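A.B. asks: Have a look at this one.
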Amino acid sequence: MSRVSQARNLGKYFLLIDNMLVVLGFFVVFPLISIRFVDQMGWAAVMVGIALGLRQFIQQGLGIFGGAIADRFGAKPMIVTGMLMRAAGFATMGIAHEPWLLWFSCLLSGLGGTLFDPPRSALVVKLIRPQQRGRFFSLLMMQDSAGAVIGALLGSWLLQYDFRLVCATGAVLFVLCAAFNAWLLPAWKLSTVRTPVREGMTRVMRDKRFVTYVLTLAGYYMLAVQVMLMLPIMVNDVAGAPSAVKWMYAIEACLSLTLLYPIARWSEKHFRLEHRLMAGLLIMSLSMMPVGMVSGLQQLFTLICLFYIGSIIAEPARETLSASLADARARGSYMGFSRLGLAIGGAIGYIGGGWLFDLGKSAHQPELPWMMLGIIGIFTFLALGWQFSQKRAARRLLERDA
């Protein structure tokens, strides 16, 4: 085995272990934020939505800067520093009794993610061969689902005692992850050339096709982020107990572990990436619309199952499509910018979703936020369809001219 192949194989195992630690640390804390501050402390959902949206926007919106800096200085220092900042954010969250302190803790957490998330994504693109990326992204998603359940179960159990224990556990896991990277991650370069920060950012901004695709995905993310805000609140309201939230993540884990990899393997042989992304988004959108009308836990979990199936179909295709569009000369910058759709959609989804949830509750129209999210998903589906048809038309024109 050549040294390059050996490095790739070792890199795969490193990425999987690193991802599990990050997912555990995140899901111990974040699914329980809405339960803690909305249900236990009586805050308005929009206040918590602002906190979650701030974290999302900071982490993903500034991702291009984190990626560009990593292109220049390498992945290791950015990842280690970012994970320590995330740990500090969780520690601060444990003592938050005022909205401004919760917002500050989410700001710290988001800045940490800005530093470590783009270089970690770029390492996947660097180490995994193009023809294997779809399957590897599916493995990461399966791991995400299992880690989400374990983290949510652990967090729910700790929440019975004290929310500070929840946050302390998340902080410790990120400190361990920082130590793991500091000890074992080689000083790998992310890009084929040592790209200056400004040049990497400029290269991305000139790629109009990539920019349009990323911004359109904001609508997709407005739906996706509700697993952290409105879906846990809805499950808690219908079940009457916060412990039911863990079953929501258990459903995701079961579906992901049984369906994600087989669906990815089968669909990559029969369907284009664009079609898989659009089909998944359509299922997610249609499953969102009736959520506000259900009154039983069984009906709610059925709709959540459909939503997760849509995500299982769409997410590996979205990741693979984003990676395939990235320029190898500025991988960090591209993978950082690819998070901008998540920044915009996540922020609007959290803040707007929280506001609509409060509005629907006060107006006795609980279906309002869910119908709006479904409509946004349908419009995003149509916008992506138009973009992909334009791209195919341009490709046919080039082939004819040749």
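Yeah, the Cβs are placed from backbone N, Cα and C, and that goes for glycine too.
For 1-12, 117-138, 186-213, 265-276, 321-339, 389-402, the entry in Swiss-Prot reads topological domain 'Cytoplasmic'. Among the features that Swiss-Prot reports, transmembrane segment is placed at 13-33, 99-116, 139-159, 165-185, 214-234, 244-264, 277-297, 300-320, 340-360, 368-388, with the record citing sequence analysis. Positions annotated as topological domain 'Periplasmic' by Swiss-Prot, on the basis of sequence analysis: 34-98, 160-164, 235-243, 361-367.
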A.B. asks: For the topological domain 'Periplasmic' (361-367), what does DSSP give as the number of helix, strand and coil residues?
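C.D. replies: The topological domain 'Periplasmic' (361-367) comes out at 2 helix, 0 strand, 5 coil.
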A.B. asks: In the same chain, which residue numbers or ranges, 6 or more beyond the ends of the transmembrane segment (139-159), come under 8 angstroms Cβ to Cβ?
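C.D. replies: Those are 15-16, 19-20, 23-29, 31-32, 35-36, 124, 165-166, 169-170, 242-243, 245-246, 249-250, 252-253, 255-257, 260-261, 312, 315-316, in sequence order.
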A.B. asks: Let me spell it out: take the topological domain 'Periplasmic' (160-164), skip the flanking residues so only those 6+ beyond its ends count, and list any with a Cβ under 8 Å from a Cβ in it.
C.D. replies: 32, 36, 40, 94-95
A.B. asks: On average, what pLDDT score does this prediction assign to the topological domain 'Periplasmic' (34-98)?
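C.D. replies: Looking only at the topological domain 'Periplasmic' (34-98), pLDDT averages out to 83.
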A.B. asks: Top stretch among 99-116, 214-234, 340-360, 368-388 for CB pairs under 8 A with the transmembrane segment (277-297)?
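C.D. replies: By Cβ pairs under 8 Å, 368-388 leads among 99-116, 214-234, 340-360, 368-388.
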A.B. asks: When you scan the chain for residues with a C-beta under 8 Å from the transmembrane segment (214-234), skipping those not six or more beyond its ends, what do you find?
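C.D. replies: Distal contacts: 30-31, 33-35, 38-39, 45, 48-49, 52, 56, 245, 248, 252, 281, 284-285, 288, 291, 300, 304, 307, 311, 314, 318, 322, 337-338, 340-342, 344-346, 348-350, 352-354, 357, 369-370, 373, 376-377, 379-380, 383-384, 387.
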A.B. asks: How many helix, strand and coil residues does the topological domain 'Periplasmic' (34-98) contain under DSSP?
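C.D. replies: Per DSSP, the residues of the topological domain 'Periplasmic' (34-98) fall into 54 helix, 0 strand, 11 coil.
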A.B. asks: When you scan the chain for residues with a C-beta under 8 Å from the topological domain 'Cytoplasmic' (265-276), skipping those not six or more beyond its ends, what do you find?
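C.D. replies: The answer is 134-135, 138, 313-314, 316-317, 320-321, 324, 384, 388.
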A.B. asks: Do any residues of this chain, six or more beyond the ends of the topological domain 'Periplasmic' (361-367), have a C-beta under 8 angstroms from a C-beta of it, and if so which?
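C.D. replies: Contacts of the topological domain 'Periplasmic' (361-367) (Cβ under 8 Å, skipping residues fewer than 6 from its ends): 290-293.
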